[in-house]
Amino acid sequence: MSYMLPHLTNGWQVDQAIQHEEDKVVCVRFGHDWDPTCMKMDETLYSVAEKCRNFACFYLVDISQVPDFNKMYELYDPCTCMFFFRNKHIMIDLGTGNNNKINWAIPDKQEFVDIVETVYRGARKGRGLVVSPKDYSTKYQY
Amino acid sequence: MGKRKSVSFGEPQVKEFTRDEVEGSKKEDAPAKIRRNNRVIENTDFDFGTADQRAENQNFVNEKGTRMKTGLHTIDSDDEEENAQNEKKLKYKKLDIEKVQGLEADTYHDNLDEDGNMITGFNLKDEEEEGEFDSTGQFHFKKRDDRDEWLDTVDWKKIKNKEKEEESTKMEEDAKPDEDEKLSEREILEKIVAKMNPKETVTKCLQRLGSGASASNIPAWKQKRLDKLAKRKAAAKGQNASTSKYEVKEEVNKEEVAQLTNLVDQLSRRGYYDIYTDTYEKIKHKISSMPADEDDVLDMFGEAIEGGKSIAEQATAEVGLSDSDTKWEYKFKDKDDDIKGPLSTQEMERLKDTHKQAADIFCRRTNSGNTWYSIKRVDFDLW
């Protein structure tokens, strides 16, 4: 479903997308369109994009095409999702120990919508760190 | 990347990037205005600094503003160079022409060569008139003295003030565009439809309205006859003010035509090029098929931002939830069928704080799907 979402093809575009969104959460998926993990994530992203359009926008970035952020954001995973609000990176306590990003695919739409909404609500209240409603630490993986 | 770059993942607090900061820095970097040609030079400091200093300046801009290359031009214009030279008043030792060897006296005007051309004497007299040489042989032009009586009488301060005034009034005008410009497509279409008759295209409507207005196009003799007819009719009915009524109607028609063309023009500016050929029914269909007013949504957002709280409601309304009536259902981990609630957010928060085995309670918002979340992880402050 990657072809249904807007791609950012250079560092400048990524910057602008993040900086110029005034009242929405910007969710950026870093990865490759052909990557199976990304494919799963993109499917979720695409299906929730319409539902969340009032408070979030979603962009895809190919980390081979745009390597500018790889070092800064430590983009070494096949698929990484990060959230920004008013040019500020919003961290999420996912229970995984890495609060900076979601570096796996979330196939459950409702779960993802809830995360995005929590990020939006938290960010609007000035929080730099929000708690994801679901704990993704291994003890909950059945 | 600006601000974000400086923040490493280790730090939880990120300094917010405020708009004022950006604008402030932009103002600082704006070059001072200099009027050169009419000799009002306010900022006489033409010290551009060394290349390194310039590069530093550039970095400063980039750090505060954007990451992209902005800042000074790499090539200085000749104009600036010339001015800088004038300002600095380079001191040099004047060359004593007397000491220059090998100068010839001026040739006489009747001293012509074989072809009848005048031969210029080998000396520096002409050059002396235009400027002077320094001791190294470098020629320096005299400062051009292009004083102008009229130009000296001009009060530049006054003009500058006026310029500022004009600018500010222009800005005000820009700030509040025509009311019509703010109309959404839907509103414009509705207004157009109100003026049209069924089965009419916009063009035909314009013609119909215009035919009344352009009565003057009718030949004079016909006009006279029409007027007479109208008068006679009015007399028959016992009214005598019909001619003035006719004129009033004409005026109204003219106004309507103007309004309609204005509306249509706005639409075509927004990309509705086929609006002229659209019929009454087609436009009506278009209006009804417009789901929600996009511009309206934006407007509401704009107001909501000022209003503060309501924006969240606006946003979440789409998801089917709003702050005021968020209700929660909860259940205990081991009792899947026994769903309790609905409770308000405050009640849920109390439950979370007071219940001993809060970790065992799972909750979800009503109508938000089937996903249950541990009550411990849900941040009720946000709702």
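Note: Cβ is positioned from N, Cα and C throughout, glycine not excepted.
Of the listed residues A:Cys79, A:Cys81, A:Cys79 is the one TrEMBL pairs with A:Cys38, by disulfide bond. Cβ neighbour count for A:Cys79 (disulfide bond): 24 (other Cβ atoms within 10 Å of its Cβ, all protein chains included). The Cβ of A:Cys38 (disulfide bond) has 24 neighbouring Cβ atoms from other residues within 10 Å, across all protein chains displayed.
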